[in-house]
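Quick look at what TrEMBL lists:
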ACT_SITE  63  active site
DOMAIN    67-199  domain 'Ribosomal RNA adenine methylase transferase N-terminal'
Ligand code: SAH
């Protein structure tokens, strides 16, 4: 093996994403570059490159790699974009986004998760990501607009106050459906003529809940 080939576990990781239909080379390369093992709990490091969601602090989860890659691909990111994420969790999705775009703002309702994600992203040199403690369902009016918005917690309906923050030409993607069970990944595109809505695949996310969490 030559020294510039990725380690076998990462090659398997790539293969699994390709098999499931991820074809954007830039997204695949970014998935290979971002060290998911440093975003999971230390006890789960061995499982970091399997295609499954894993538990993180505060009863939340880091999403399945396929879903991260798929949502990223569906966002059709460009280097000039400003992106908003609701649900920072571990910071992994934000790290992937940050490599493909200008600026990422990610919002998290648990202080413990927000602080850990911020520290981790800084340490790993993801300097174009800002982690904000707050309620992504009820953001102050001065935040935005954005070229892309990604919601990584399940919403029963797409919040109007997020749609309003989308630029013309913008794309929003969110898991829409009941808090318990299966949701449909839904993509909204804002055009000059209005909003186009497309339903993509079924997914399972932890629920988006209102307010900043009271626990630390
Ligand atoms: N994108 C994350 C995983 C998201 S899990 C990653 O890559 O690791 C969903 C996250 O959304 C959880 O951390 C949860 O606390 C957060 N969340 C739920 N409701 C929220 C809200 N209203 N505002 C901000 N974050 C919220």
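Just so you know, glycine gets a Cβ as well, placed from its N, Cα and C.
Remember, predicted model here, so these are calculated numbers, not experimental data.
Under 8 Å, Cβ to Cβ, and six or more positions away along its own chain, residue 63 (active site) finds 53, 89, 92, 93, 152, 205. Break the domain 'Ribosomal RNA adenine methylase transferase N-terminal' (67-199) down by DSSP state and the numbers are 32 helix, 50 strand, 51 coil.
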